[in-house]
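The block underneath contains the structure these notes are about, expressed in structure tokens.
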Amino acid sequence: MKKGRLIAFFLFVLLIGTGLGYFTKPAANNITLGLDLQGGFEVLYDVQPVKKGDKITKDVLVSTVEALNRRANVLGVSEPNIQIEGNNRIRVQLAGVTNQNRAREILATEAQLSFRDANDKELLNGADLVENGAKQTYDSTTNEPIVTIKLKDADKFGEVTKKVMKMAPNNQLVIWLDYDKGDSFKKEVQKEHPKFVSAPNVSQELNTTDVKIEGHFTAQEAKDLASILNAGALPVKLTEKYSTSVGAQFGQQALHDTVFAGIVGIAIIFLFMLFYYRLPGLIAVITLSVYIYITLQIFDWMNAVLTLPGIAALILGVGMAVDANIITYERIKEELKLGKSVRSAFRSGNRRSFATIFDANITTIIAAVVLFIFGTSSVKGFATMLILSILTSFITAVFLSRFLLALLVESRWLDRKKGWFGVNKKHIMDIQDTDENTEPHTPFQKWDFTSKRKYFFIFSSAVTVAGIIILLVFRLNLGIDFASGARIEVQSDHKLTTEQVEKDFESLGMDPDTVVLSGEKSNIGVARFVGVPDKETIAKVKTYFKDKYGSDPNVSTVSPTVGKELARNALYAVAIASIGIIIYVSIRFEYKMAIAAIASLLYDAFFIVTFFSITRLEVDVTFIAAILTIIGYSINDTIVTFDRVREHMKKRKPKTFADLNHIVNLSLQQTFTRSINTVLTVVIVVVTLLIFGASSITNFSIALLVGLLTGVYSSLYIAAQIWLAWKGRELKKDSAQ
């Protein structure tokens, strides 16, 4: 026995444990949390020129982003995320904003200050102001908050005041902020809350550069006005197309619930790996812990924003990371059952499993990349974490896991301890009794997966036809992401009723289309509205529910234009992911396997859609994330099966359909344990997310759970069986010739 390798193993494990204990918490604490985890505000603006005929250029968009960044600083947001999208859109994300009504006003106000006479003729505008010359102060007589500004030219102001003075009795100098064509002083002055800021009477000529703006402000309003004027006017007009706001209490609760769900799920996975795979399972637990740390650390280095779906992706990634370990460990167990030594089985198992793991991960990454390209901001967070998880898990599960296990294997300490790999001694053959065609014992070697394929084809076809009928009758319960409108989520510390929530909205003059209760104690009310309420109405809603229930409601609005775009992008995403997978599988395997795989993937996706239709669960953008995740995961399962088929095809070279049938059946028998164990680990995670996770990812978790179970069926009884029937027909034609 080589004690040096044993000592090296324990030193490495000690080093890893110490490093994880010391560095994991700081890495996790440094990560920037998204809106859905700490509360905040997100809005997608459509950018239009102030003057008709002007064009929105790249320079104009950049200038607008700079102006919005300055305004975000006024709000005290240290790290605003402001991005240009397309040719005429800007997305603004402000995490941690406490007063979202104020944020809305400060962001969208153009801050075009103008001085006009009572007939609305412009006399002065923002160009006449000294840069950064506005400040909030108090009137020396009334002690009311006011804003003082500095003008560039005292003589020009003198001429303006002289002209207005002569217009008595209409000698008002009207100060406007964001005057629009059609606005009228004479109409506004009759209103309780006029649009103009102030309208002082001018009784003498004023040759000065110091001007006071009085408007019955609060101190905060005066301060905001001064800050907006100093930040500079927006060079464009901004129109909200999509918005979502999350109350801080919602975010904190979502973070707590989802992290707790993750801890429970990961702990169960660790116990399963230790129980089923024993020593290799312990290695998997160590490498999975390293995977979690590295993923969080890289996410921090990227300055990426961690969203609720991102945490779900990290937790889901643990379940998927286990897959690489399971594939390798099952291969090692097969080699041990053939009577090989521990060292020989370890080397052979690692060599044979590498291509399978590589192909399975690449196909999942294809789906994740497409998701990143076509997803909304929160879905991009999910896709980023999923891609990062796949790449990191490949490194930890393939290289670190093998390195640590190799230290033990090469020490010769395990030479007589095959049982430590989870192998039953009675299933280990004498190597003298085996040859290249000998197959190891599997728990499912008596199962015939292919003899009833026609019945499964009929069953799958019947389910598809039934699904089409269900969709035609029930259709989908589209969320506002696709149907447009508004969604307002109210949280209370006590049980709510639909009647109570409806009355709350009625008191605000709003008529919700539907009201649904959620949460363990029915303390969350979700109201849907067909139209998109204006900013003033949203402000009233936030104030009302904050005062009544003590927490800000979550408000999301989607315009019809954006709703259609999201629906279109969802279809593009599924189509492009499918095409990408077909191309890759065709290159690595053959086009028949690619087509068979896509048929099973589309069946999975269609089954989930049908399930959501009949259960009336809401379909939103996270639903699309779930669909693409299942596509990536299900192809992973199918790839493992086809990789084993390819291996047997090279070795056995079938000449008849019976030979081909035997190969497919044998491949399914040998990979079924891996399929069950992998699905089980991912299902554990999904179920814990479903039970303990935040309510906002409940439908996402349900879609994943349904897809995972359907994916096992489709991999066994659709993908493999279609390829068998297709390849068998080709084989018969070749033999006939």
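Any Cβ shown, glycine's included, is placed from N, Cα and C.
The region 'SecD' annotation in Swiss-Prot covers 1-416. Annotation comment: Swiss-Prot describes 1-5, 323-353, 402-453, 643-677, 721-737 as topological domain 'Cytoplasmic'. Taken from Swiss-Prot, the feature transmembrane segment covers 6-26, 255-275, 279-299, 302-322, 354-374, 381-401, 454-474, 570-590, 594-614, 622-642, 678-698, 700-720. For 27-254, 375-380, 475-569, 615-621, the entry in Swiss-Prot reads topological domain 'Extracellular', with the evidence type a curator's inference. Residues annotated as region 'SecF' in Swiss-Prot: 446-737.
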Fill in the blank from the handout: Within the same chain, the residues 6 or more beyond the ends of the transmembrane segment (570-590) and with Cβ under 8 Å of it are 359, 362-363, 366-367, 370-371, 373-375, 482, 597-598, 601-602, 605, 621, 624, 627-628, 631-632, 635, 639, 642-643, 646
Practice task
Given the cut-off of 8 Å on Cβ pairs that are 6 or more apart in sequence, determine whether the transmembrane segment (255-275) and the transmembrane segment (6-26) share at least 3 such pairs.
Solution key: no
Completion exercise
Given the topological domain 'Cytoplasmic' (323-353), its same-chain partners at Cβ distance under 8 Å and 6+ residues beyond its ends are 273, 277, 280-281, 283-284, 287-288, 360-361, 393-394, 397-398, 401-402, 405-406, 409-410, 412, 414-415, 417-418, 421-423, 427-434, 438, 440-441, 636, 640, 647, 670, 673-674, 677-678, 681
Exercise for the section: Among 6-26, 279-299, 302-322, 381-401, 454-474, point out the range having the most Cβ pairs under 8 angstroms from the transmembrane segment (678-698). Expected result: 302-322
Practice task
Could you tell me whether the transmembrane segment (279-299) and the transmembrane segment (381-401) are in contact, taking contact to mean 3+ Cβ pairs under 8 Å with a sequence separation of 6 or more?
Solution key: yes
Practice task
Write out how many residues of the topological domain 'Cytoplasmic' (643-677) are helix, how many strand and how many coil, based on DSSP.
Solution key: 31 helix, 0 strand, 4 coil
